[in-house]
Structures are given as structure tokens and as C-alpha cells.
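Per TrEMBL, the features are as follows:
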- A:89-295: domain 'Cytochrome c assembly protein' (DOMAIN)
- A:315-635: domain 'Cytochrome c-type biogenesis protein CcmF C-terminal' (DOMAIN)
- A:43-62: transmembrane segment (TRANSMEM)
- A:96-114: transmembrane segment (TRANSMEM)
- A:177-197: transmembrane segment (TRANSMEM)
- A:209-229: transmembrane segment (TRANSMEM)
- A:249-266: transmembrane segment (TRANSMEM)
- A:312-331: transmembrane segment (TRANSMEM)
- A:352-374: transmembrane segment (TRANSMEM)
- A:389-413: transmembrane segment (TRANSMEM)
- A:425-444: transmembrane segment (TRANSMEM)
- A:450-469: transmembrane segment (TRANSMEM)
- A:481-504: transmembrane segment (TRANSMEM)
- A:613-633: transmembrane segment (TRANSMEM)
Amino acid sequence: MTPELGQLALILALLLALAQGVLPLLGAWRGNGALMAVARPAAAGQAVFVALAFGVLSWAFLHFDFSVRYVADNSNLALPWYYRLAAVWGAHEGSLLLWIFILNLWTVALAALSHKLPDVFVARVLGVLGLIAVGFIAFILFTSNPFERLLPMPPDGGDLNPVLQDPGMTFHPPVLYMGYVGFSVAFAFSIAALLGGELEQAWVRWARPWTNVAWGFLSAGIVAGSWWAYAELGWGGWWFWDPVENASFMPWLVGAALIHAQAVTEKRGALRAWTILLSIFAFSLSLLGTFLVRSGVLTSVHAFASDPKRGLFILCFLAVVVGGSLLLYALRAPKVAGGKPFGVVSRETAILIGNLMLTVAAAMVLLGTLFPLLGDALNLGKISVGPPYFGFLFTLLMIPIVLLLPFGPYLRWGEKGGLPPLKNVAVRAGIAALACAIAAAFTTGWALKAIAGTAAAVWCCVGTLLYVLKRWREMPAGRRYPAEMAGMLLAHFGVGVFLAGVLLTEALSVERDVRMAPGQVQTIGGYDFRFDGVHVADGPNWQGDQGTVTVMRDDREIAVMHPQKRTYTRGQVQTESAIDAGVTRDLYVALGEPMDRNDPEGAWALRLYHKPFVRWIWAGGLLMMLGGFFSAADKRFRLRREATEKLPASAQESHA
Amino acid sequence: MNPTRKRRLTVVLLVLAAAVVAIGLTVFALQQNMNYLFTPSQVQSGEAGQYKTFRLGGMVKAGSIQRAADSLKVTFTVIDASGAMPVEYNGILPDLFRDNQSVIATGRMDNARFMATEVLAKHDETYMPKELKDAMAKAHQGKTINEAAAQDKPR
């Protein structure tokens, strides 16, 4: 009975979403206040019913209701409760339910925090979000119903895919979806602005904090995914340029461009049309990401069994969203280039170059990701595009950004002639980068990537710190670092940390697959790894072999590591790597396979890795995430009404 | 030419040059890194001859996996309905690698043997990559593929 309640709740949510999507937009068009007022209650009601459906599914998982097909497929009696809860979004149907649930969270937050905005505008934004919700709830109900019954009811269920049984995986999808779905808010703002013809700066200021938060979540989600791949897939890589990873990376790139373009539009009025276009792209790429992951059209290490009908639905949805919004854009986008003019050496120019590089990078990733589909359609054969394509082009495209990054805060809006301070910065950061690069050259034995990484990281970090110092000296206490600026500085510093992590790891990692008999010692990166054999270990829903590897340096014991090879209840095999984490290096051990199946106590194939500075990659990503959150918290964004009133001239023009 | 026009011309030329460089680099990078997928029977009929590295897709022949006693060298045979190709790999095979499993190996030919540098099997035991299924279907139209390998449906 209960699962049907969930189904019913979803149907009611669909009806409310229809009301939320259609009536307020009509009201805004006709100037009917009553219809516009439907938006908030409809959004709240929809959120209640979706939450109910989500709760019902979670309840079914927690209480082993195997009469629900989705529950039976993805959990069993032996699965611990926390993974049963995570299993709610462990496969297709539930993850879509999570998607829509998060969309509702965003919508409700927006409805609650938007009382200071004009009613017409709010009605349009919530209406657009309602339409998106209609699409997704219909998708769930018609193609991927999580409450479908399975009769007769099996005594025990299947299993949650073992690679998903990991703490990293429990929070990776929700956080990633917070980011994906968050871009729908920026998208709704842009569409509302196009519909209302409000192409002045005001709406951009309202949209900015939402975009920043969404981008922050997306950064966190990608970091979590990368870390999970590192720890769980068992071969110690942190990024594979895999289609599914690219799917989350493209909206991130466009989102990064978007938050910078929004700043220009808000402060200077320039690049308005571009900002709107970017928010359409960011959301479309989020949808494309969902499509790529869920349709299985591309070969991916993350791909799961899938259903072509679903892919078709998302593809149609995507066509409607992209086509519709681009049509609207073509009809309503500002025809005349607006905003204040800017000189060649100005913050606008720097941001524009950065934007260009980020969007071209996103286009490049899109081309590489979809190229196999293209090749298939043109009958070129079965093609895949190797990771070096992405690595090579992405590095080239990011060089200008890295070079410009320290100057960003020093450059002034619009003005010409800010050269002298820039020279100072360039000289100081340049000397620091050069000195550290030379030091790196001698300590790493002229590893080119390590030298480049050190130089680039020091260049970014020192450049950013110099600006921190300048503010500290020149501004009175309390006004030194407004949240918006603090966020920017944190994120830019994060870029430096990230660069150091990536290039040093790439240059200095030692990865060795070896055959080891118990007692044997291998020396890697100055550490002695002693293999102490394998014995049997059991978990709640798996049996496994657990190896013991003792790591020593200069005869001092550093770590005792326990990599595992697990066999889950349904026979799926899963490698659990053992990682000894550190600030300057990770030690990584994974069990390969026994050399002789009949003698698991004997010799094994092992992966032994020494990965210097690998944590810095994720630390950099987390700093960028913090940057997004900090910026969004700026007081300026909260004093909206007052701020609008102080700009009567421009604001009124827009409403005229 | 007046100064405004001159400036615009410079901008247009710069944009054009940048676009040409960008497209050139992209095409170059794509060409360098495109990998084609072939099944054993396609390789044996010579279709892969012109490519130095390519991907070999098919099923692991039951009972063909053989390990060296003193190193990580492993040999196995990848088959489709009408062809078979011996593969040699040095390293650790993925968790889901076993008999009758669909795999994709990247590497090059060395005489009649495929030297793999990377072997992929999938997360999900019932999953078969769409491109592999298509390639195998194309390689032997009209013939049936082993049922176990052909199933690609939601669990």
C-alpha cells in the first residue's frame, strides 16, 4: 500500500508543478496578481509531495520492501542501513527522484528568500522552475517509476552495485545534483528576464548568489566524484576524461565563465546578452550531463545498464529546453550592445579573455565527448577519443587564464592605464615563481611538469596573496575583505593549489604493478613496502581477502595497510584500496589477483603507488567551492531592495 | 583606410587567425587520439591494418586465460562469433575480467598477437557497451551472438 502512496504523491506533485509552471506565467503576462500568487503555494505543495514520495521510497528501502522492484534490485537483507539509504539514489529511478527533490529544495529556498523582489519577476522565475519540474516528474512517472511493483515478491533482493558501497558515493550524487540543478535557478532568472524584457542589471544581482552557490556545490560534487574514483575504482587515477566525468565538467566550466560574466553585467551593464546565453548553456549542459549518464550512448567506465527509451525522452526534453530558450533569446535578447565602455587594460577585458577560454574549453570537451556519436552517425566507424586530446587542448586553453589570474583583482573596471601596479605584481610574483621553479628543478631532477606546476602554482598563489597584503595595508579594519572579494581570492588561491596538485602528482607519481610473495619487499619513492600475506576477512554483506602491507622508511614503520578484495553476495568482485593519506604524499596499495587461484595465501599481484601532493588537487577544488559560497554570502546581495532604489534611473528605464 | 576601419580589420584578422589556430590544433589533437574499435574477425579480415593502435572488443574465450608463473604477464583470447585473437597483457586485470566477459582492450598488433596496454571490463556485470554490441552485430550480420554477451538490459 505504502509504495502506491509514493506514486500518488508524485502524481499530485506533477499536477501542482503544472499549476506552478503555467498559472504564474499567465498571470505575469496578463498582469493578474491572483494567478501570480499561485506560484509560492504551488511550489511549497509540490515540494511536500515530492518529499513524501522520497520519504516513502527511503522507508521501503529501510524496511526491505522487496515487492518494490527498485528496492529489490538495489538492496538486500545484508546491506547495512546507511547503504540502504544511499541506495535510494544508487540507480536510475531513485537518482531522478533525488534530482527533482533537489529542484524542489532550490525552488522553495527561492520562494522563501525572494520576498524583496518584484512579484512579476518572482512569478516568472518560479513558473520556469515549475515547467522544468513538470518535465522531470513526467519523465519519472512515464519512463522510470521507482514505485513499480515486483510480483511475486522475492525473499531477498539483489544488491547495490558494490562500487557504490562507499562513504564517498553516499554524498557524491546529492552534492553534484545540488550543483546541476542549481543552474536551473540561474537559467530561470535569465528566462524570466527575457520574458519580461528586464535587461538591466538589477536581475543579475539577484541571480548572482544563486549561481555562485550552485557552482560551489558543483565543484564539491566533482571533487567528491574524483576522490571516489581515486579510492574506489582501484587504479589510483583522479580524472580520466571519461564521458561521465566530462558531463559534470562542462557545466562547471560554463558556470565558472557565467559567475564572472554576471559580475561584469551587474557592475557595468556590459555583456548582458552573453550572460543570458551562458546561463542557458550552463543549464543545457547540466541536462545533457543527465542524458549522457543515463542513456548509455557512450562507452564509459561509469556507464551502467540503461534503457534507450529514457534517453530519447531526455533528448526530446533537452531539445525543447535548448530550442525554446534559444528561440526566446533570439527574439528578445538585447539587440544593442549595452553597458559602459571599457579600455583594453581593464577588468572587463581580463574577464572576457577568461570567459572565452572557459567556453572554448567547454566546447572542446563537448566535441571530444560527443565525437564518438558523431563518428557513428557519419559512419566513420567506432571511434573513441583518447584522454591526451583533452589534456593537450585543455592545458593550452588554460595557460592564458593562469597567466592573467594574479592581475584580476588589481585591474579596475572600465579604466585604462592601470599599468604600474600590474608591473609590480608581475615582477614580484614572477620572481617568486622563478625561484620556486628553480628549487623544484633541483629537487625533482628536472621533471618538466613539476617545474611548470610549481611555477604556475606559485605565480597564482603569490599574486593572490600580494593583493591580500595590499588590502590589509590600505584599507581600515572591517572593510578589508568583503565576502564577495574574499570568495574571489579564496577561489583564485584554490586554482594555484589545484595546479600544484595536478602537475606535481603527474610528474612525481610512481605507480608499479608487481608480483609479490609474502615477506617480499619493494621500494617505491623511498618507501619500503613489505607484503605480509593475505588472510580471509568478512564484512556484513561480503566475504573477502584482506592483504597486509607494512610500509617502512629508514627502518621506521610508517603505516600498516589493509587492501581488500571483496566478493559481494551476488558474486560481484570489488577492490578496496588502502590509502595512507598525507599532506605531501599518499601511499596507495590495491590487491590485484592471486597468482594462483588455489593458493590465496601465496603470491599476489599488487598495485603499489606513491602519489605526491595528490590531496592538493581536491584541496584546490574545495577552496574553489568555498570561494563560491563566500561570494554568495556578501551583504550586498541581501540588501536588494535598497540597492535597486538607489539606482532609480537605470531601474526605471528597464520597467518602462 | 580610416583608423576605425583599420582597427576593425585588425580585430577581424586576429579573430580569424585565432580561429584557424584553434581549429588546426583541435583537428590535430583529434587525429592523434582517435581510437577505432574492431572485433577479432574485423581485425583478421584486415580492416585494422592501417591503424597503429586501436581497440579490440569482444568476449573472453572460456578457459583461455593463462598467467605466467613469475611475472604479471597474462594471455587470453578474445573472440566474436567468427574470429579469435590472442591477446597479451602485462599488468593487473580489472575486477570484472573473467571468462565470457565482454572486454575492450587498447593496444597494437605484434605479428598475429594483440599487445594490450589497457584492458577494460565494466562496472556492471550485465552491461555491454553499446558500441561493442553494434560492432559485433556488424561484424557478423545474420549470425547470432552468444546470448550471455548480448544482453544489455536494465537489471
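Every residue gets a Cβ built from N, Cα and C, even glycine.
TrEMBL: automatically predicted annotations, no manual curation.
With pairs at least 6 apart in sequence, the transmembrane segment (A:312-331) and the transmembrane segment (A:352-374) have fewer than 3 Cβ pairs within the 8 Å limit; the two do not touch.
Counting same-chain residues at least six beyond the ends of the transmembrane segment (A:177-197), those with a Cβ under 8 angstroms from any Cβ of the stretch are 25, 28, 95, 98-99, 102-103, 106, 110, 120-121, 124-129, 132, 203, 206-207, 210-211, 213-222, 248, 251-252, 255, 258, 275-276, 279-280, 282-283, 286, 289-290, 325, 328-329, 332-333, 654. Here the transmembrane segment (A:389-413) does not touch the transmembrane segment (A:209-229). Their Cβ atoms form fewer than 3 pairs under 8 Å, with each pair 6 or more residues apart.
Sequence-distant contacts of the transmembrane segment (A:249-266), counting only residues of its own chain at least 6 positions beyond either end whose CB sits under 8 Å from a CB of the stretch, comprise 179-180, 183, 186, 201, 204-205, 207-208, 211-212, 214-215, 218-219, 222, 272, 274-275, 278-279, 281-283, 285-286, 288-289, 339, 347-348, 351-352, 354-355, 358-359, 361-362, 365-366, 369, 628, 631. Proximity of distant same-chain residues to the transmembrane segment (A:312-331), defined by a Cβ-Cβ separation under 8 Å and at least 6 residues beyond the stretch ends, is recorded for 132, 135, 139, 142-143, 187, 190-191, 194-195, 273, 276-277, 280, 283-284, 287-288, 290-291, 294-295. Here the domain 'Cytochrome c-type biogenesis protein CcmF C-terminal' (A:315-635) has a mean pLDDT of 88 out of 100. Tertiary proximity for the transmembrane segment (A:96-114) is limited to same-chain residues at least six positions away from its ends with a CB under 8 Å from its CB atoms, namely 13, 39-40, 43-44, 46-47, 50-51, 53-54, 57, 88-89, 122, 125-126, 129-130, 132-133, 136-137, 139-140, 144, 146, 173-174, 177-178, 180-182, 184-185, 206, 210, 290, 294.
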